[in-house]
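Copied over from Swiss-Prot, here are the features:
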- His214, His228, His289, His302: heme binding site (BINDING)
- His377, Pro378, Phe379, Ser380: FAD binding site (BINDING)
- Gly437, Pro438, Tyr439, Gly440: NAD(+) binding site (BINDING)
- 178-299: domain 'Ferric oxidoreductase' (DOMAIN)
- 328-445: domain 'FAD-binding FR-type' (DOMAIN)
- 1-29: topological domain 'Cytoplasmic' (TOPO_DOM)
- 50-71: topological domain 'Extracellular' (TOPO_DOM)
- 91-122: topological domain 'Cytoplasmic' (TOPO_DOM)
- 147-212: topological domain 'Extracellular' (TOPO_DOM)
- 237-287: topological domain 'Cytoplasmic' (TOPO_DOM)
- 313-334: topological domain 'Extracellular' (TOPO_DOM)
- 356-564: topological domain 'Cytoplasmic' (TOPO_DOM)
- 588-602: topological domain 'Extracellular' (TOPO_DOM)
- 626-738: topological domain 'Cytoplasmic' (TOPO_DOM)
- 30-49: transmembrane segment (TRANSMEM)
- 72-90: transmembrane segment (TRANSMEM)
- 123-146: transmembrane segment (TRANSMEM)
- 213-236: transmembrane segment (TRANSMEM)
- 288-312: transmembrane segment (TRANSMEM)
- 335-355: transmembrane segment (TRANSMEM)
- 565-587: transmembrane segment (TRANSMEM)
- 603-625: transmembrane segment (TRANSMEM)
Amino acid sequence: MDDYETPLLSKDSSSSSSVITSSLKWILKVVMSMIFVTWVVFLMMMYPEQLGDDFLTFVSSKTFLGTTGTMFLIFSCPILVISVLASLYLIISGEDKVFTKKKISKFPRFRLWTFPVLVDGPFGVVSAAEFLGIMVFSVFFLWSIYAYTLRNLDLLERFHVLPKNRSILLLEVTGLRLGMIGLLCMVFLFLPISRGSILLRLIDIPFEHATRYHVWLGHITMAFFSLHGLCYVVGWIIQGQLLELIFSWNAIGIAILPGVISLVAGLLMWVTSLHTVRKNYFELFFYTHQLYIVFIVFLALHVGDYMFSIVAGGIFLFILDRFLRFCQSRRTVDVISAKSLPCGTLELVLSKPPNMRYNALSFIFLQVRELSWLQWHPFSVSSSPLDGNHHVAVLIKVLGGWTAKLRDQLSNLYEAENQDQLISPQSYPKITTCVEGPYGHESPYHLAYENLVLVAGGIGITPFFAILSDILHRKRDGKACLPSKVLVVWAIKNSDELSLLSAIDIPSICPFFSKKLNLEIHIYITRQSEPRLEDGMVHKVVHPSVKLPRTNGCSMSVLVGTGDNIWSGLYLIISTIGFISMITLLDIFYIKRYNITTWWYKGLLFVGCMVASVLIFGGLVVVFWHRWEHKTGEVEANGNDKVDLNGEETHNPSAAELKGLAIEEDVQNYTTIRYGTRPAFREIFESLNGKWGSVDVGVIVCGPATLQTTVAKEIRSHSIWRSANHPLFHFNSHSFDL
């Protein structure tokens, strides 16, 4: 009996702990939801005539907060409180989310986030959840415009002025209201662009997907700000005081010149972020967008601390993320190996510490200092976390000037290696890389489906290599892995791109994988009507790679917002407490004591406190986080298996595996190649009706916008008219578009 007491006690303890954890998570979810809903409802109720003004007057006069503190409490504190609670939620949740059949619904059901409602147009593919969000914002804007219009008309009736002055007054109050709506848009503007945002991790929306929300909000915000400025300019022209007023810088009240500077910076960012400019002149867009610093600082000088506190919460979270990214990106990262495939695609294997965690659908930002110290480019990770603890791989397609320079740099390395110049470190070309990330989904959602359809266009196959590797490793090691049927649909232009298949060796990862995973790969070569002689073996060719010397022995830094939950939570909480403390102490011991009343100066002090709190309090956490990284990295490195030059952990297959590898299914057994045609997704989805039955099917698309639109349109049509015994397809996009 004694032999069974410990396991039983352990099981009871684990069950009790699970109940406590679930209860705490449920409580935190309820509290965060209540705070968010209350905050949004309160913002909507601020517009009626007297309610908002009366509340602000009451709180600011009856408490120690004052006007600035009251505005900060109403508009910014809810975001910061939700962020703090979100960090606690993620700490309690743990590192990994395991999907099992018990957690998955037995019957297919619609999901708001994966059902495409709009599949074409200016918004691209829009899910039902996103469509609801657009509707809520639309109602919010219409309601605010309506409420402010009523207030403007009521205000005009109170003043008996000449018709000319009446027009000027109407323009000025309209401009004031439009500026206020623009500020309310800015409350949300910086939340999606924070790459390691705790809020994005909470709702499991990756940064590459959230950027579209930033784009939408940016257009709306700048539209309101532009109309705001236009109303005032027209009014000043009517008065004949344009030059006099536009260069005024008032000590008390709104400082106009800083507002003009902020608006000009915003307009430059807005114009260069339009799709045509961004696509054809990305560097112009990228460098111009650094004017966000001018935009924010001069906005604070324009409106002062009182109004700037409305948008302070989102901007503060962005500054937190930006500082952490700066700290991570200062470290140079070793390139373990580099390889060029026949199709021109480059593969880089980068060194990473064993304690860095990421999901198969992650991506990184890469800088190569020999090419540019300013340019950072996003690339999907092609390796699985289970491929090895010490490396991460990316595939880079040569498309523009930066990637062409990288290809030339690798060519120089090949030549230097062939000429035996690598013996002299001073003579051979170098590749000095810096990395930000990894970023991506908080949970590996590809493991949430028993049935997967992976649709790729060209280099979009890269993240699917990571997915396949992740699934195969889990099947081989007996880990929790829900997917059992995977269909890969890959459209490419030429057969040269088949060489990308050499990036993953499926039989060597999981011998006899066909007994554990039903895998089909359908390849469509659109610009060739028939195969070339070498096409049958191109995927088997192993191309030589350059082994680069470990110049500094450095791997990627774990100082990332998506990294360790405890440290990222401490970074957020301590920095937030430090910011509020600095603002409070500054108000008590400086502003009130010395009777500081200049609006623009108080706005500058407010921004200074935001930056200083991140540098001082956040920097202190970063120092200890960095020390923890070194200690845990050394411990894990000593306890891990050795790594070969390609960055892969040594794996010794058994005799049965070796025999299996010799007679294992060839790639042709699960790969079908079609020439001169494009994927017919309606036929593909209909063919799965009888094969898979009534199940949930996760469809992940990585490719150009036209591919996403085509797939989303077929999924929407199939989902609406599907029979009860047919699969329900869930649309997921994994395409990155800045």
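Each residue, glycine too, has its Cβ placed from N, Cα and C.
Ranked by Cα separation from His214 (heme binding site), the binding-site residues Phe379, Gly437, Gly440 are led by Gly440. Counting in whole angstrom, Gly437 (NAD(+) binding site) lies 38 from His228 (heme binding site) by their C-alpha atoms.
Rounded to a whole number, the distance between the Cα atoms of His302 (heme binding site) and Gly440 (NAD(+) binding site) is 37 Å. DSSP gives Pro378 (FAD binding site) a strand state. With a cut-off of 8 Å between Cβ atoms, the residues of this chain six or more beyond the transmembrane segment (288-312) that come close are 67-69, 71-72, 75-76, 183-184, 186-187, 189-190, 254-256, 258-259, 261-262, 265-266, 268-269, 272-273, 599-600, 602-607, 610. Reported as a whole number, the C-alpha separation between Ser380 (FAD binding site) and Pro438 (NAD(+) binding site) equals 9 Å. Whole-number maximum of the Cα to Cα distances across the heme-binding residues His214, His228, His289, His302: 23 angstrom. Beyond its flanks by at least six residues, the transmembrane segment (603-625) meets 68, 296-297, 300-305, 308-309, 312, 315-316, 319-320, 323-324, 327, 558-559, 564, 567, 570-571, 574-575, 577-579, 581-583, 586, 590-591, 596 of its own chain at Cβ-Cβ distances under 8 Å.
Residues 123, 134, 137, 141, 167-168, 171-172, 174-176, 178-179, 181-182, 185-186, 188-190, 192-193, 242, 245-246, 259-260, 263, 266-267, 269-270, 273 of the same chain lie 6+ residues outside the transmembrane segment (213-236) yet bring a C-beta within less than 8 angstroms of a C-beta in it. The shortest Cα-Cα distance between Phe379 (FAD binding site) and any of the binding-site residues His289, His302, Tyr439 is the one to Tyr439.
In this view, His302 (heme binding site) is surrounded by 24 other Cβ atoms within 10 Å of its Cβ, with every protein chain counted. Between Pro378 (FAD binding site) and Pro438 (NAD(+) binding site), the C-alpha separation comes to 10 Å.
In the shown protein chains, 28 other C-beta atoms lie within 10 A of the C-beta of Gly437 (NAD(+) binding site). Under 8 Å from some Cβ of the transmembrane segment (565-587) lie the Cβ atoms of residues 66, 68-69, 72, 80, 83-84, 87-88, 90-91, 93-95, 196, 198, 316, 320, 324, 605-606, 609-610, 612-614, 616-618, 620-622, 625, 628, all in the same chain and six or more residues away from its ends.
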